[in-house]
Amino acid sequence: MNVKFNNRDPVYVQVVRYFKEQIAKGFFEPGQEIPSRRELAHRLKINPNTAQRAYKEMEEQGLIFTEGNLPSRITKDEGVLKKVRKELIMEAVETFVHSVRTINVPLEEVLYIVKEYYEKADYVRGNTRD
Amino acid sequence: MNRYLKLVNFEFNRFFKLYIVLVIVTIIMQFFAVILESRGYMREAKNVIYGDMMSKADFIKNYEAFTMQRVVQSNWFYWSIALCVVVLLIYVFFIWYRDWLGKNSFIYRLLMLPTARLNLYFAKATAILIFVFGLVALQLLLFLIEMQIMKWIVPAEFRVDLPIKEYTDFNYLSVILPGSLIDFLLFYGMGIVAVCVTFTAILFERCYRLKGIIFGISYGLVSVGFFLMPLLIDTFVLNYYFFPVELFVMEVIAGIIVLIGAVWIGNYLLKYKIRV
Amino acid sequence: MIEVKNVTKKFGRKEVLKGVSFTAEKGQITCLIGINGVGKTTIMQAIMSLIPINSGEIFIDGSKLTKDSYEKITFIPDTITMPPQMRIADAFAFMADFYQSWNQKRAEELLEFFKLEETERISELSKGNTAKVNMLLGLALDVDYFLMDEPFSGIDIFSREEIANVFTSHLIEDRGVIITTHEINDIEHLIDKVVLIDNGVVLKEFYVEEVRENEGKSVIDVLREVYES
């Protein structure tokens, strides 16, 4: 766990986001046990109260659940998991569209460039992996 | 009480190494004094008896028999005592200032101990007393050893052996080893009062720094003045009105008041005015 | 809770604290920020009754400091509080002797955490290690509150990281911490609350997450705003 936090967004929001990303990427699997609040604070080098706040937030959003005194786990609720993935995608698209719009590029051209770039990036990434 | 004793123990250990050095130097100096004086006397005796053909009896008559008095009056002996006195006097100051000095501010720790700060004061005073009495006891022991050494060097016919008391009664040693219990209580009682007044004066300086030096000195003068007041009034105002015994009692009371004052003010300063 | 109420302090004619008031809660890390020489250290010394104040009051959990409070609150100054000739083990023995709240097990745990040896002499420690020992002597007390004066200043980056790790560990958990710094970068994400001090007064007191959430500002942003106005 190595997260670079910015100083302007609430740290707990950034922690929640980090968890969502990990879930979307599949690094956190449904039902997987997550670190305790103290453990998380220690690993991310953040205030334990902030870690606590992040967990509370995630619990409210249904991202994690806690049964009795057991450690918290990532939700198994498919609906929530799908929602997380969609939310992240939508966020990225929104940002992208917003910036592309400001340069007045036609949609077809954008889609073409995106497709080309996406595949090329995939290729490059695939190569460097070897 | 418990923490007070621990503090005494701590203060004692802190000075112990230097103290041992002081003890060893004292022993060496005094042994030097005995050996130099005894051998010097015997050398002279030999020179006079064999060189000038004087009989032993005439020599002893003319030059006086050897006693410990000669040793006690010798430079080495005198300076050994002076050294101890000076070192302890300096330590009365250093026992406080060492806590503030240097990068390691031990005073923070001492002031943050969960115990009445007056215990620091008492512990330091007790440590000084222990060091003083340690040296006094050492002196008594040394006398016994030194007399033995003297006996090995100077044959019986050349010496007059007197009890220790005889050597200490009529010179500077009478202050350190008083002849009577009353004198002992009086001298060391005054010593304790002096140490406490000095401690409180030091605390004035530590609390108010530059201004504190003036406060400290003023406080010291007032204390001395108060202590001497019965004597001064009797001498200059009442023209020797009181009997010595009455004066003595008044002096003792004045001393006790000065002592209580020193401790009370010291306590107040440590509690409310001290700064790291 | 530690409450500092309207505290003033003069050194000679110079008024260092001109009516400082703030609170620090248990279970939170409160950070006193200000450039050097604005009286942060003086405030801590005043809380610990290591310096007399001219007026104002200070309460610890509702009552004034007494000798017994030193079992409940401790201060870690920016210089080590043990004589240089002591070995670490001697310092431990001293603490164990005088404090009921001394936790020998925790002390040993911390020794390991900081990778220090009991036999090392304080005078022979590096600057970073001296700071760690100093920190350790405070942290090994089972107290409710820690006051730490500039724990990060003047030490190497690795020691800094190790000391920063303390703040996210169980050592600090549920206890109240007041820490001073003139450089917020190292600990921006570690603290709960900022008390901004300048020129002997509290300019602003705020929770860092609240400011980020409500105003989208970093601590530095707030500092800049306050200083520039």
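Backbone N, Cα and C define each Cβ position, glycine as well.
Values in this document were obtained by computation on a predicted structure and should not be read as measured data.
According to TrEMBL, the features are:
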TRANSMEM  B:16-36  transmembrane segment
TRANSMEM  B:76-97  transmembrane segment
TRANSMEM  B:118-145  transmembrane segment
TRANSMEM  B:185-204  transmembrane segment
TRANSMEM  B:216-242  transmembrane segment
TRANSMEM  B:248-270  transmembrane segment
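Within the chain, the transmembrane segment (B:216-242) has long-range Cβ neighbours (under 8 A, six or more residues past its boundaries) at 193, 197-198, 200-205, 250-251, 254-255, 257-258, 261-262, 265. Panel annotation: around the transmembrane segment (B:248-270), residues 111, 117-118, 120-121, 186, 189-190, 192-193, 196-197, 199-200, 203-204, 206-207, 219, 223, 226-231, 242 of the same chain, lying at least six beyond its termini, place a Cβ under 8 Å from a Cβ of the stretch. Residues 71, 74-77, 79-80, 83-84, 87, 131, 134-135, 138, 142, 146, 149-150, 153 of the same chain sit 6 or more residues outside the transmembrane segment (B:16-36) yet have a Cβ under 8 Å from a Cβ within it.
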